[in-house]
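Residues or ranges marked as domain 'G-protein coupled receptors family 1 profile' by TrEMBL: 55-306. Taken from TrEMBL, the feature transmembrane segment covers 41-64, 73-92, 112-134, 154-177, 214-239, 251-274, 286-306.
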Amino acid sequence: MLTLIFSELLMMALSNSSRRLLQPSFFLIGIPGLEESQHWIALPLCVLYLLALVGNVTIIFIIWTDPSLHQPMYLFLAMLSGIDLVLASSTAPKTLAVLLAHAHEIGYTVCLIQMFFIHAFSSMESGVLVAMALDRYVAICHPLHHSTILHPGLIGRIGMAVLVRGFLLLLPFPILLRRLVFCQTTVIGHAYCEHMAVVKLACSETTVNRAYGLAVALLVVGLDVLAIGISYVLILQAVLKVPGAQARLKAFSTCGSHICVILVFYIPGMFSFLTHRFGHHVPHHVHVLLATLYLLVPPALNPLVYGVKTQQIRQRVLRIFYIIGWI
């Protein structure tokens, strides 16, 4: 509901500004330098998108319909799946249209809205990963007070804070872009509307856009990674105090899924961010391909990681397969 409200407000703001200055449409190249192979590249991207849709819808359905899973860890997982659905659906349909149907043109306002949703929900995913690290810290370091500390009211407020932070921090992106002037070049060497790819096309001053983009990236990623790091340092200290190697391994194994998801999300994201600003020697098609995979691989893999490593989720998925006669 809040997503729809913010989307309507964003559309109204961009439409009002478009009356003052007529802006051109953009032309998305896709994967620069690999135009002849783009239909083959689209096939694995399509598979990843389908996996993301099926996997995340399944996770949300299982958690929603099973009261025994209405616990902090699974509620945060449901939030992560919802964000992944929006993130993948903001990117994949247009990217696949560009690669398969050569639908390269995208309206200026539509481009800015796509860019906003991609970056806003990436910020939200990072925030949920911090919340999941907090849940693991409380579960391991304060197991007797886990449900008391992370009660449903607090979980709801955390989810609301993550949502509002993503929208408020990223809302200036499209608004600041509306101030820029695009002279002739409206060709984006990308498969989707990425913030810095659009900024680089402007022939007016872009210092404010670049500075704000850098500040948001450092603020979100820097603080979130710091919070996750502190959580795991405290977790490691608590685990090392547990007597017996088997008990320590069991305690730390509960964090395995979360650590895998963190690595899959942050490493490609940091590569894409640094390449845009400093990676002048990285081939452009490599950067675009990895940036596209960055938005599709985590949403596709997260349900698989939690489905394989979390017994409760795995059992309920197998039960669904049994009911529909797949096994």
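Placed from the backbone N, Cα and C atoms, the Cβ positions cover glycine too.
Through the fold, the transmembrane segment (286-306) approaches residues 31-32, 34, 41, 45, 48-49, 51-52, 55-56, 58-59, 77, 80-81, 84-85, 87-88, 90-92, 95, 118, 122, 125, 189-192, 194, 257, 260-261, 264-265, 268-269, 271-272, 275-276, 279, 313 of its own chain, all at least 6 residues removed from its boundaries and within a Cβ separation under 8 Å. In the predicted model, the domain 'G-protein coupled receptors family 1 profile' (55-306) shows an average pLDDT of 88. Between the transmembrane segment (214-239) and the stretches 41-64, 73-92, 112-134, 154-177, 251-274, Cβ pairs under 8 Å are most numerous for 112-134. Comparing 73-92, 112-134, 154-177 for CB pairs under 8 angstroms to the transmembrane segment (41-64), the maximum falls on 73-92. Long-range neighbours of the transmembrane segment (251-274) within the same chain, counting only residues 6 or more positions beyond its ends whose Cβ lies under 8 Å from a Cβ of the stretch, are 80, 122, 125-126, 129, 132-133, 136, 139-140, 217, 221, 225, 228, 232, 235-236, 238-239, 242, 287, 290-291, 293-294, 297-298, 301-302, 305-306, 309-310.
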